[in-house]
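The structure appears right after this line, and notes come after that.
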Amino acid sequence: MSHEEDLIDYSDEELQTTDAAATTAAPAANGDAAKKGDLTVSGGRPDKKGSYVGIHSTGFRDFLLKGELLRAITDCGFEHPSEVQQVCIPTAILNVDVLCQAKSGLGKTAVFVLTTLHQLEPVPGECSVLVMCHTRELAYQIKNEYARFSKYLPDVKTAVFYGGTPIQKDVEVLSNKESYPNIVVGTPGRLNALVRDKKLSLRNVKAFVLDECDKMLDQIDMRRDVQEIFRATPADKQVMMFSATLSQEIRPVCKKFMRNPLEVYVDDDTKLTLHGLQQYYIKLSEAEKNRKLNELLDSLEFNQVIIFVKSTLRANELDKLLRECNFPSIAVHSGVSQEERIKRYKEFKEFNKRICVATDVFGRGIDIERINLAINYDLPADADSYLHRVGRAGRFGTKGLSISFVSNEEDEKVLKDIEKRFEVALPEYPEGGVDSSTYMA
């Protein structure tokens, strides 16, 4: 399977459970922080404590990453770095320690994956990058991210080690110089066992990464494992830590592992994601949806539109109806064969089609810069899914418009949950429509 396939090879059900709750973080501990949009940024310069030097990047090329990484990024469909990536990557690739708080969906995994791959000069039989996290599922996911971004770096070997599987299999991987990983991802308990038994050597580690660091450093047993592993690595290395939440109490604990880190705290991830997005709802009956959708597509200016429905069957039916009404559309959902789904994804991304009907397969992880209109034909089941859906039309602060159809009591409940979660009062769509300058770049 290609990595492009991997990008959109999700079932609809898998995408219903994602945590996008808002967080509020206090200013950086050293008191000398710079505010950048919804971020608090401080430190990161070895010669001048408390200063911040950054660049505003419109594309990943501005980071001067390896050409092989840029090719992989393009293949994955990512066109612009998120604000967290803009702040962290330029400093991180200079070997500066990083402490970053950012919720899932803001691209923090890509920060350390791209940084470590850019810096890595793989030596056969040597582990140079060590990444730890608190669950097997997250470890496996991170390993897949390394595979995705290292597709044009054939000499880079990555392995994942975690409990619940026979340790002998891990030992076999580490006993063979051909399979010995340059990048190791795993959970603290299993990694500590491999280090203690002298199966895994960390004497050449140049980057030490903790994802969801507060989860590991809060628990005494896990913290002990992390500390023992840390002591097995060289003193001169880069340390990067990331988490969804970083309390005032845990930050000093994290910084004990670091030297004057760049500190990045997202004040409110929901504001960051939805900034620049005009959001409205329309109350109507189920029977009125098709007529209203036709009216909107006729009257609104847009570059590309994505229309979300709740099932593959409804996606096919709506796609057929739109084409019958002379709106050339495509449907993307888990019921479409993998080969056909890739073909349709490319058609949409390359602007050969302007209208896409989708389930939550397209609800997250797809960054297509021309989408500036998102319509919830069927409102999602929860506020988290809403955030990921409408974020397609307001990626990383660009302008966009979202319109949600509210047709029953359950929809009204979800609408109230959305307003409560994101601390906004969504207005009803005005009868006279909206000014295109408010959502067209």
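Numbering starts at 1 and runs along the chain as it is shown here.
Any Cβ shown, glycine's included, is placed from N, Cα and C.
Between the listed ranges 58-86, 174-202, 261-289, Swiss-Prot ties the annotation motif 'Q motif' to 58-86. Which of 167-170, 211-214, 367-370, 427-430 counts as motif 'DECD box' depends on Swiss-Prot, and there it is 211-214. Checking the ranges 3-22, 23-42, 103-122, 383-402 against Swiss-Prot, the region 'Disordered' annotation falls on 23-42.
Each of the binding-site residues Ala102, Leu106 was ranked by the number of other C-beta atoms within 10 Å, and first place falls to Ala102. Same-chain residues at least 6 positions away in sequence with a Cβ under 8 Å from that of Gly107 (ATP binding site) are, in sequence order, Pro81, Ser82, Val84, Gln85. In terms of DSSP helix, strand and coil, the motif 'Q motif' (58-86) has 17 helix, 0 strand, 12 coil.
Mapped onto DSSP helix, strand and coil, the domain 'Helicase C-terminal' (292-437) counts 66 helix, 27 strand, 53 coil.
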